Amino acid sequence: MSVSSTELSQLPAGPNVKGKLSRDDLVMRGGMAVIALYLIVTLALPLYTMLSKSFSTYQVQLSQYEFQVSDEDGIYDGTIFTGTELNNTTGVYDHTDLSTGADGRLPVSKFFPDFSFRSSVMYQLRNTAEGGRFLVGSTLHDSTEWLEVDSNTFRRVQLRPVKARGIDNFVNYFSTPALFNSIKNSLWISLLSTVVTVSLAFWFAYALNRSCMRFKGLFRLVAMAPILVPSLLPGIALVYLFGNQGMLKELLFGASIYGPIGIVIGSVFFTFPHAFLIISTALAISDGRLYEAATSLRASPWRTFWTVTIPGARYGLISAAFVVFNLVITDFGLPKVIGGQFNVLAVDIYKQVIGQQNFEMGAVVSVILIIPAFFAFGIDRMVQSKQVSSLTARSVPFEPKPNSKTDSLFFVYCSIIGLFIIGMLAVCQFAALIKFWPYDLSLSLNNYQFDKMDGGGWGSYFNSIKLGLLTAVVGTSIVFFGAYLVEKSNGFLVGRAAFQMLAMLPMAIPGMVLGLAYIFFFNNPSNPMSGIYGTMAILVICSVTHFYTVSHLTAVTALKQMDREFESVSASLKQPTMKLFSRVTVPVCMPSVLDISIYLFVNAMTTVSAVVFLYSPKTSLASIAVLNMDDAGDIAPAAAMGMMIFYTNAAARIIHLIASKGLLAKTQAWRKR
Amino acid sequence: MYKTRGITSVLAGALMATSAMAETELTVYTAVEAEDLARYAATFNESNPDIKINWVRDSTGIITAKLLAERDNPQADVVWGLAATSLLLLKSEGMLEAYAPEGVGELDQKFVDKDTPPAWVGMDAWVASVCYNTVEAEKAGLTPPKSWQDLTDPQYAGHVIMPNPNSSGTGFLDVSSWLQIFGEEGGWAYMDALHGNIARYTHSGSKPCKLAAAGEIPIGISFAFRGAKSKAAGAPLEIIVPTEGVGWDMEATAIVAGTANLEAAQKLVDFTVTKGASEMYNTGYAVVAYPGVAKPVEHFPEGLLEAMIDNDFEFAANNRAAILKEWQSRYDGKSDPK
């Protein structure tokens with residue numbers, strides 16, 4: 001028997017059975033590779049370019065200059081000094097003086113302690129290496145020939161830096177209090193706004209889900225309004241309410257709205273709907289049995305609240321907190337309008353890039369801004385993945401019971417929040433119609449003559465609509481198709497996991513950072529895609545990539561609800577997957593497809609941060625016009641344009657609602673029995 | 001007018017003989033207001049119909065950055081209408097082709113680069129001024145300031161607003177002019193004192209005047225043209241020209257070194273120094289390069305031309321980085337609002 005067992009163990013290994021890749025599998029993997037490539041080119045590569053830019057420095061290379069000094073009769077003794085030697089003996093410049101920006105200049109007369117511009121001493125200097133540069137006045141010298149100048153000219157000699165690599169930019173950043181103070185400012189302003197928004201939104205959501213007050217639908221509608229406007233708009237409203245000529249400035253008791261107060265109030269306004277949506281979803285799902293148990297155990301409402309309600313909603317609360325934190329810390333429009341002298345990271349990037357053309361320092365601030373944004377995002381994802389369904393088949397939905405006292409209390413609370421939101425919008429609309437606040441209060445449409453203002457005119461408004469539509473169409477196609485491929489293809493687990501990671505990444509990248517990364521990557525003549533720089537195409541690509549994650553998650557959720565059996569059935573019927581996709585999957589998921597398109601449209605209309613570095617005079621946008629008009633001091637027209645964005649988005653929402661209803665009736669009839 | 005036209009057309013004829021009859025296209029970078037560009041091109045084409053201008057327009061900072069970024073591979077043939085301080089940056093990168101345009105001697109020499117041949121020639125100037133809201137000032141009980149030094153008076157605390165020189169060209173010309181008027185130490189001492197009165201620093205150069213016009217902050221340090229416009233719009237403004245003199249910068253023109261269309265570029269620059277060109281600039285700017293051309297622009301303060309300091313552009317350009325760094329460490333760090 002032992003013999004046969006040896007024989008058995010020596011049997012040749014069977015053929016390695018491997019599923020044959022069908023043509024469909026290849027098509028799907030190919031498609032996935034194309035969309036992954038899209039994300040790499042529009043996200044990973046630009047970010048990498050930006051990171052490397054933050055290490056690109058400018059150094060004055062003293063060793064690459066040589067000097068000679070004559071005596072008072074203009075005769076040289078032949079001694080040649082290098083810049084390094086001179087600096088070592090005199091010690092006038094330390095390392096921080098030598099590492100400078102692209103625009104840095106270093107005068108040289110300090111190398112000679114007895115220098116006088118009146119003396120008859122002559123000087124000679126030259127570059128020792130090709131590419132060395134110095135200025136006489138503003139004339140550039142880059143040859144290695146000796147140049148003789150008299151004393152009076154020598155004081156006009158300035159050495160120019162050359163490109164180098166290193167961490168000097170970061171050293172420079174952290175040794176400039178004006179810059180690194182912004183980290184502290186950004187963090188605490190975001191924390192404060194987060195606490196305020198989440199608390200306010202929690203009670204608002206609680207009132208809508210757990211009370212029997214009236215007009216819930218109306219309150220829900222009002223709470224969502226801020227999502228339809230750019231974050232600049234609450235800033236403009238606050239100027240009119242609490243500025244020095246403000247309608248309610250007495251309420252601030254002499255404090256200035258320009259600064260942290262303004263940023264926090266405005267942030268609460270524009271992040272409120274985001275927090276409300278998340279918390280409301282968490283509160284909507286609750287198990288009525290827990291409350292029954294609490295009541296039968298004679299727990300006080302207070303105790304029930306802390307032991308049942310809060311734990312049930314904790315994931316929603318945490319998620320809302322991180323989303324709000326991320327929105328506030330990466331927002332640029334609001335602190336730009338109302339921040340005054342209060343510097344925050346996102347505005348610093350803008351100031352460095354647009355104000356000073358210091359792209360390297362812009363890249364450094366961007367790298368720093370990514371860190372907290374990335375953490376907030378990472379923790380949020382972790383919390384989300386821990387969330388397990390608390391709702392089981394045996395759950396009983398919680399039914400709030402009418403309680404006239406608490407209901408009216410909640411009604412008052414919600415009315416105050418609702419008034420705050422509507423009030424801000426109404427102030428903007430009112431300001432837009434006033435002829436010349438505060439001196440001429442007659443009504444006029446002058447502020448709608450956008451063509452007479454700096455900022456892009458009415459053309460920018462139509463550009464925005466074009467961008468919104470293009471982003472919606474292109475984005476929805478790419479996102480939904482990508483989500484389908486990653487969700488429904490077979491095998492290839494590593495590739496699919498990698499794709500999921502890539503699709504999550506945009507959420508963690510602030511819009512400003514993405515925009516700046518696009519400048520570095522696309523505005524480079526050696527990049528074959530540099531042709532799209534300054535066109536509508538780059539704005540569409542940037543918007544699609546910036547808002548990829550939420551759209552992707554919506555699509556994945558919808559697709560998960562569809563059984564994979566559909567694919568098996570179509571395969572056994574020998575139908576190509578793409579036919580299944582277009583004939584079954586897309587129609588079934590139509591509600592989600594529409595949701596994604598309206599999400600992309602609204603965001604493309606309101607975004608400022610992602611596109612502020614990328615628009616060109618021909619592709620100016622409405623949201624950018626709001627920014628630029630406010631920047632130029634045309635605040636009323638800025639409010640008028642901001643309200644145009646609001647009305648457009650509101651109209652788009654209504655069309656979306658009607659279209660959804662019509663389409664649902666057509667495509668979702670199968671859902672009914 | 002007739003004479004210069006004559007010269008240009010003779011020149012044009014002579015050049016046309018050599019460069020065949022084909023239409024030349026020039027890529028021209030500019031920071032001039034978009035609404036003026038078509039008019040400028042049309043006026044130029046009256047005398048030079050064979051040269052077509054392709055404009056690339058953006059704000060001063062962005063166009064400067066674009067030109068610097070293209071240093072090793074220039075795309076522009078000519079820069080027409082960019083701040084002289086920006087052109088000096090380009091000059092110090094060796095990016096400008098020096099050229100003495102026909103008739104440059106006629107210009108006010110303040111507007112011409114000091115090198116021969118000049119690397120750039122000026123077109124028109126924008127001049128710093130103080131916008132003073134009479135209504136709000138009266139409410140706050142202020143007396144109108146006469147000089148820069150007056151602005152440091154404690155009565156104006158929190159009532160003055162100016163642009164941040166780190167982001168605004170107007171802000172920088174203020175700062176560099178104070179350093180020139182009061183000397184380096186005196187200049188910084190002046191700004192230390194002024195800082196105590198500043199409500200906040202704005203991003204753009206026109207905003208202080210518009211905020212003064214709207215009564216938000218009664219005194220805005222801005223430029224004269226902006227003030228005149230707001231005054232024309234009905235704002236209760238007085239435009240004050242401080243007695244010590246005011247900083248200014250000019251829009252200027254230069255040929256980009258390495259252009260393939262040098263002849264056409266030179267013809268364009270020849271045109272920009274003509275009397276006709278200055279008359280064309282005069283619709284928007286009260287101070288233009290050709291002497292005796294400027295007609296007064298409505299609501300402009302008097303004595304503005306005389307108050308313009310002898311601006312050392314080389315000083316401003318070569319010390320720009322250092323000045324901005326110093327300014328930032330002195331005033332930008334103190335970020336808490338008053």
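Each residue's number is its place along the chain shown, starting with 1.
Glycine residues also receive a Cβ, built from the backbone N, Cα and C atoms like all the rest.
Keep in mind it's a predicted model, so treat the numbers as computed, not measured.
As annotated by TrEMBL, transmembrane segment applies to A:26-48 (among others).
Residues or ranges marked as domain 'ABC transmembrane type-1' in TrEMBL: A:183-380 (among others).
Listed by sequence, the residues of this chain that lie at least six past the ends of the transmembrane segment (A:187-206) yet keep a Cβ under 8 A from its Cβ atoms are 219, 223, 260, 263-264, 267-268, 271-272, 275-276, 279-280, 283, 309, 313, 317, 320-321, 324-325, 328-329, 335, 342, 344, 372, 410, 413-414, 417. Per TrEMBL, transmembrane segment is recorded for A:187-206 (among others).
The feature transmembrane segment is assigned by TrEMBL to A:218-241 (among others).
If one looks beyond the transmembrane segment (A:261-285) by at least 6 residues along the same chain, the residues whose Cβ comes under 8 Å of a Cβ in the stretch are 189-190, 192-193, 196-198, 200-202, 204-206, 208-210, 223-227, 229, 231, 234-235, 238, 242, 252, 255, 309, 312-313, 315-317, 319-321, 323-324, 327-328, 331, 334-335, 337-340, 342, 344, 390-391, 417, 420-421, 424. The transmembrane segment annotation in TrEMBL covers A:261-285 (among others).
Taken from TrEMBL, the feature transmembrane segment applies to A:305-329 (among others). Within the same chain, residues 186-187, 189-191, 193-194, 197-198, 201-202, 206, 210, 267, 270-271, 274-275, 278-279, 281-283, 285-287, 290-291, 294, 299, 344-346, 369, 372-373, 376-377, 379-380, 383-384, 386-387, 390, 510 sit at least 6 positions outside the transmembrane segment (A:305-329) and bring their C-beta atoms closer than 8 Å to a C-beta of that stretch.
The annotation transmembrane segment is assigned in TrEMBL to A:361-379 (among others). Distant neighbours of the transmembrane segment (A:361-379): 50-51, 53-54, 101, 169-170, 172-173, 179, 182-183, 186-187, 190, 318, 322, 325-326, 329-330, 345-346, 348-349, 352-353, 507-510, 512-513, 516-517, 520; these residues of the same chain sit at least 6 beyond its ends, with a Cβ under 8 Å from one of its Cβ atoms.
If you look up TrEMBL, you'll see A:410-434 (among others) marked as transmembrane segment.
Taken from TrEMBL, the feature domain 'ABC transmembrane type-1' covers A:461-656 (among others).
The feature transmembrane segment is assigned by TrEMBL to A:467-486 (among others).
Taken from TrEMBL, the feature transmembrane segment applies to A:498-521 (among others).
Here TrEMBL flags A:533-559 (among others) as transmembrane segment. Long-range Cβ contacts of the transmembrane segment (A:533-559) within its own chain (Cβ-Cβ under 8 Å, at least 6 residues beyond either end) map to 39, 42-43, 463, 466-467, 470-471, 474-476, 478-480, 482-484, 486-488, 503-507, 509, 511, 514-515, 518, 522-523, 585, 589, 591-593, 595-596, 599-600, 603-604, 607, 610-611, 614-616, 618-619, 621.
Annotated transmembrane segment per TrEMBL: A:644-664 (among others), in sequence order.
The largest share of C-beta pairs under 8 angstroms with the transmembrane segment (A:218-241) comes from A:410-434, of the ranges A:26-48, A:410-434, A:467-486. With pairs at least 6 apart in sequence, the transmembrane segment (A:467-486) and the transmembrane segment (A:26-48) have 3 or more Cβ pairs within the 8 Å limit; the two touch. In this chain, the transmembrane segment (A:498-521) touches the transmembrane segment (A:467-486); three or more CB pairs sit within less than 8 A of each other, excluding pairs fewer than 6 residues apart. Sequence-remote contacts of a segment are chain residues at least 6 beyond its ends whose Cβ falls under 8 Å from one of its Cβ atoms, and for the transmembrane segment (A:498-521) they are 32, 35-36, 39-40, 43-47, 49-50, 53, 329-330, 332, 346, 349-350, 353, 359, 362-363, 366, 369-370, 373-374, 377-378, 381, 482-483, 486, 527, 538, 542, 545-550, 552, 607-614.
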